[in-house]
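Participant: Just lifted these from Swiss-Prot, have a look:
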- GLU263: active site (ACT_SITE)
- CYS302: active site (ACT_SITE)
- GLY219, PHE220, GLY221, ILE222, GLU223, ALA224, GLY225: NAD(+) binding site (BINDING)
Amino acid sequence: MTVHQAPGTPGSVISLRPRYDNWIGGDWKAPAEGRYFANPTPVTGEEYTEIARSTAADIDLALDAAHAAAPAWGRTAPAERAAVLGRIADRIEQHLTELAVAEVWDNGKPIREALAADLPLAVDHFRYFAGVLRAQEGSISQLDEDTVAYHFHEPLGVVGQIIPWNFPLLMAVWKLAPALAAGNAVVLKPAEQTPVSILVLMELIADILPPGVINVVNGFGIEAGKPLAINPRIAKVAFTGETTTGRLIMQYASQNLIPVTLELGGKSPNLFFEDVAAARDDFYDKALEGFTMFALNQGEVCTCPSRALIAGGIYDGFLGDALERTRAVKQGNPLDTETMIGAQASNDQLEKILSYIDIGTAEGAKVLTGGERVDLGGSLSGGYYVAPTIFEGDNRMRIFQEEIFGPVVSVTRFDGYDDAISIANDTLYGLGAGVWTRDLSTAYRAGRAIQAGRVWTNCYHAYPAHAAFGGYKNSGIGRETHKMMLDHYQQTKNLLISYSAKGPGLF
């Protein structure tokens, strides 16, 4: 067991600034209006830094820097851009622990997840898109003896990116890596709840990227996010967040006829078929862990398996074992490597989760475990902690239909394959799903029948590069973490060339 020290305290691997300006043109820039907002850590609930409260003027300044940098960066040879991405990956890897501590203090997640998943995935995604870029090819089409069509991939230019608060670094990397690989300059707005860790990363890689290629502007959605998304000087906007906000982003982008990619909400079903319990073996234990994945990252995951659908024939036994597994989840200091579930990212989110627990109870759902705020005592007593909560109820209830974004799972039973698929698809969302079965035919048929962009089969919450990620229905547009994302940050130039000396003879 290792308990890392809080930033700025004796023995800590990192100190954070008492005030953060915006990162524009490769340097710190104070907000145009000179305003800042206090930022608390979810770990203790105490304020620890001030963050630039930016406006449209700061967005314009960042766009100036991005437009100044974009032409040269876009002309950089693919091999050189790939090498830059590789150096960024190396730098993250060299400072993994410092970045993990910053991420925990910013977001509240347990450091075991940041060290084992978030940061290694960030490293791998930069390396992946470096490789994808080197392997990308244009095309040549010979249309007839004298006419050839050449197709070139060209960067869009300057793009806007708006990042959520649940994975502040990893979600930023998911967007930055393909955008940079494609040759774009970026203006990025982090979530106001988690503005710090990305700025720590900017300082770490300042000597690697040309100034202005990445610019980070902090602030609130209406004051900084909207001026970015609606700005005619960006060629694309990428957004991860809540579905209603995603609709607004689409409206803003439509005014300038620019493309969007959106990764939005979810209410993911996790299906456990009867043969899961055919033996009490490693697979059964794996399935129980798959059930408990609703508590990963405190349930603050768009693909949180927040609806558990269990076959009627194994319902009581499997649910009993799942309850035991959930109650064994260790909640504690997020900086302790033994802690499995940390703090919610903000007090607002804490209150939202608690309100949904009240809603579920009022609807008649039964709380099987959890259902309350947790006071960890001492310096952690003001932190934003919720016990992992299991409801038993009906898929028509709000807790089954609405995204809670917390460590809350709603459980119901199904009677046969058709009933399982019907319940799974009875949702507005279609981001993720899980299927657990020992039967390959059931696994394949269920995976194809579920209306979701990512269906984990006998696994859950794996996010490797080269596996496309994105939603159906109200869960978004576009695919990330795959080479196809490079296309979202490029436009195709066609040169249609005639090598004949003779004209067509029309005039």
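Cβ atoms here come from the backbone N, Cα and C positions, even for glycine.
Help me understand the surroundings of these features in the structure.
Facilitator: Residue density at GLU263 (active site): 27 other Cβ atoms are found within 10 A of its Cβ, drawing on all protein chains shown.
DSSP assigns CYS302 (active site) to coil, not to a helix or a strand. Cβ neighbour count for CYS302 (active site): 27 (other Cβ atoms within 10 Å of its Cβ, all protein chains included).
The DSSP secondary structure for GLY219 (NAD(+) binding site) is coil.
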Participant: Determine, from DSSP, whether GLY225 (NAD(+) binding site) sits in helix, strand or coil.
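Facilitator: Once the DSSP labels are grouped into three classes, GLY225 (NAD(+) binding site) ends up as helix.
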Participant: If one measures from the C-alpha of GLY219 (NAD(+) binding site) to the C-alpha of GLU263 (active site), what distance in angstrom results, rounded to a whole number?
Facilitator: 21
Participant: Fewest neighbouring Cβ atoms within 10 Å: which of the binding-site residues ILE222, ALA224?
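Facilitator: Minimum Cβ neighbour count within 10 Å, taken over the binding-site residues ILE222, ALA224, occurs at ILE222.
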Participant: If you draw a 10 Å sphere around the Cβ of PHE220 (NAD(+) binding site), how many other Cβ atoms fall inside it, taking every protein chain shown into account?
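Facilitator: By my count, 15.
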Participant: Translate the DSSP assignment of GLU263 (active site) into the three-state scheme.
Facilitator: strand
Participant: Can you tell me the CA-to-CA distance separating GLY221 (NAD(+) binding site) and CYS302 (active site), as a whole number of Å?
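Facilitator: Each residue's Cα considered, GLY221 (NAD(+) binding site) and CYS302 (active site) end up 19 Å apart.
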